[in-house]
Amino acid sequence: MEYQPRIMEKKWSERWKADEAHIVKADSSKPKYYSLDMFPYPSGAGLHVGHWRGYTISDVWSRYKKLQGYEVLHPMGWDAFGLPAENAAIKLGIHPAVSTANNVANFKRQLQEIGAMYDWTREINTSDPSYYKWTQYFFVKMFERGLAYRKKMPINWCPSCKTGLANEEVIDGTCERCGTEVTKKEMNQWMLKITAYADRLLYDLEKLDWPDKVKRMQTNWIGRSEGARIHFDVADVEDAKIEVFTTRPDTLYGATYMVLAPEHPLVDRIVTESERNSVEEYVKETLKKSSVARQVVDKTKTGVFTGAYAIHPISGAKIPVWIADYVLMEYGTGAIMAVPAHDERDYEFAQAFGLPIVQVVAPKAESDATGEGGSSSSKEVPELYVGPGVLVNSGPYNGLTIEEGKQAIVAALAEKGVGEKTVTYRMRDWVFARQRYWGEPIPIIYCDSCGTLPVPVEDLPVALPDVERYEPTGTGESPLAAIESFVHTTCPKCGGPARRETDTMPQWAGSSWYFLRYPDPHNDTAPFSKEAANEWLPVDMYIGGVEHAVLHLLYSRFFTKVIHDLGLIDFDEPFQHLFNQGMLTLNGAKMSKSKGNVVNPDDIIEKHGVDALRMYELFVGPPEDDAEWNDNGLEGVSRFLGRLYRVFQQHVTTQAPSRPELERLRHRFIASLSERMETFRLNTAVSAFMEYLNALTAAAAHGGIDKATLETLAIALAPFAPHLGEELWSNLGNQKSVFNAKWPTFEEQWLKDDEVEVAVQVNGKVRAKIVISAEATQEDAVSAAKDHPDTSVWIEGKEIMKTIYVPGRLVNLVVKG
Ligand code: ANZ
Ligand code: ZN
């Protein structure tokens, strides 16, 4: 009767395979449930127990849903294109396709070990031509709709990786992958117009059951700002208009200078000869800095005067125009009116360069006290004030609130044709190109006579050719540019000689729609059938790390909306419910191969079995919180499973008749377990088993365990420890898998505290019967006994020498006198 998990687990995983237990029947009449893991990038390092936390949570949940009667789609695949495979290829000379295939095989072996119910017939690999054909197809569709376009623009450039980087790959001004300082480089880039979807991406967040934190991060990333554009003429320069974006048009009277981004196209035209040298020098310095570095709030402000003056659109005053790197070219209009009294950065700048500071908003109380002028006149330099209040020093607008001031001033500007209300977004269009090898070729052809053309859909995929050298060229071109046979093609329109685009798609391309492919993974005439997609999606539960809060989740939402607009699906949000699991740490540090602190699941499994590891991955802490790996905790869970197995085996042959005590325990266990599942408190779900087993062991000592209890144990355990669940279920004499059973239900009546009738004796003679809770303490029982009118007459005025309580049966009061 020893618990020998490895033998048992091997047996059941082979049985599942033979029975095709995890193959999803799409035509089943059951309700559908789509339970999805964020698919992994198959790195060379393999999976460690930290990765397994998310996969375990998601598999336990999927199996639970299956027991609740759903047809559950729980697929797995590989996000297989990307830089690491390519960097390894450069270093070790192994073709990325070969190393990726090896890594996939290892990942798959590990994921099969975990006992997960993945339907491997639906496996997806984004680097497989039969898949990326459709990634290219979506690019063509976006091109046709004007959503993919080419633009010459400065990109983040990593001089070490010799590649362009998306903004999100630049961390604190350095390359996310190698840590080198990122510079800028002008290049023609393919872009996706995600900004056209900004408002939908923002407002549709409301429809989703996602963690607030993730919604907030997306909201900030989109960065919608309502404000105004205001036009300023430049004194003595014909036709030069500086257009600014401001969220505070109410502060117009406090604009004491202007700032242009150093790379603003107007700079060259308005700069005066005496200032030209210093301006050019400053522009050159700025171009070396990343936009992230420029946005650091508390850095020392730098900038130079252009010699030019703008004309204030209302007062007509001349205000100096500066350039400074705290104004970014890619936000708003790349120019600001600076209001130092009410903007922190402008305040610091004005103080550093001795520019005037004029207060135009005062807190309500202050403006009441001083009549109309605010307090600025009484102080040398007004303090920075960013709070609410009313307008002061603003001519006819004095006394208006900020909101009223905004409305009135924008209306006046609009009347004169020098301003209008507008909305600006922080989010930029998506740079959808890399100058690297291991990615989807962008399906575009350039013809000298016909221009830029998409590859006809029937010619897709544009296959990634074999190359001998993966190194980036260093000129900024992709290694594909060196392959004549790839570059030279014929124009799909005129048949003349033409060239192929040689850039590839970025890391995020394939993962932006893979969830749509699983319902119909072998379709070779379309990315998926509309019916299959509509049947399964949106994904009911999407589980993965919070590190994907913005990019992957935003890009997937964008793709889904575009695909919806193409008429290919009926829904326009991919993931209804999102859950982010916490990280597993070891001695406080995130597990990672580079830190050398990973716990290898292969070793654990050999010793304790998969089921113990699964249960421990849940037991380690609330699933959304980071948790510390602890070998003792794992051993505890492993011992618990052994004990459960022995108790079960001991009683399975001699099944006792049912009795109320066992019924009560069982219904209470089901109720508390179900509640913990529904609220996703999976760690406490594991403790529910532990509590139950303790109570059960005590009860079994006097009267054994009944069949219903044993069945409940087997079924309830199955999502958590599927192999053991199957074993127990079959030991009960069942032929079919435990996953054909139904998740147990409970009856309300058993949750109430039971009441029992207790006889009350006085000196050994029964005098009364009382009804009390079965859970009543001796104290409660005795006091109820004494209070009963039929007892009280016998004990009045006498001394109680002794009280005896036989729980649930009898109170005996021994009295004297
Ligand atoms: C005048 C003003 C007065 C401003 C005031 C703020 C406070 P959000 O909310 O992030 O959209 N700004 C505009 N374009 C900029 C750029 N390209 N680089 C750096 N700063 C820029 O911020 C909008 C505000 O940020 C704008 O409103 C502008 O400063 C500044 F009491 O204009 B404000
Ligand atoms: Zn042509």
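Please read every residue number as a count from 1 along the shown chain.
Keep in mind that glycine also has a Cβ here, set from the backbone N, Cα and C atoms.
Bear in mind that TrEMBL entries carry predicted annotations, made automatically and left uncurated.
Cross-referencing 520-524, 590-594, 635-639, 795-799 with TrEMBL places the feature motif ''KMSKS' region' at 590-594. No contact links the domain 'Methionyl/Valyl/Leucyl/Isoleucyl-tRNA synthetase anticodon-binding' (666-777) to the domain 'Leucyl-tRNA synthetase editing' (220-413), because fewer than 3 Cβ pairs that are 6 or more residues apart lie under 8 A.
Each residue of the domain 'Methionyl/Valyl/Leucyl/Isoleucyl-tRNA synthetase anticodon-binding' (666-777) gets a DSSP state, and the totals for helix, strand and coil are 59 helix, 18 strand, 35 coil. Helix, strand and coil counts from DSSP across the domain 'Methionyl/Leucyl tRNA synthetase' (39-184) read 69 helix, 28 strand, 49 coil. Along the domain 'Methionyl/Valyl/Leucyl/Isoleucyl-tRNA synthetase anticodon-binding' (666-777), the predicted structure has mean pLDDT 93.
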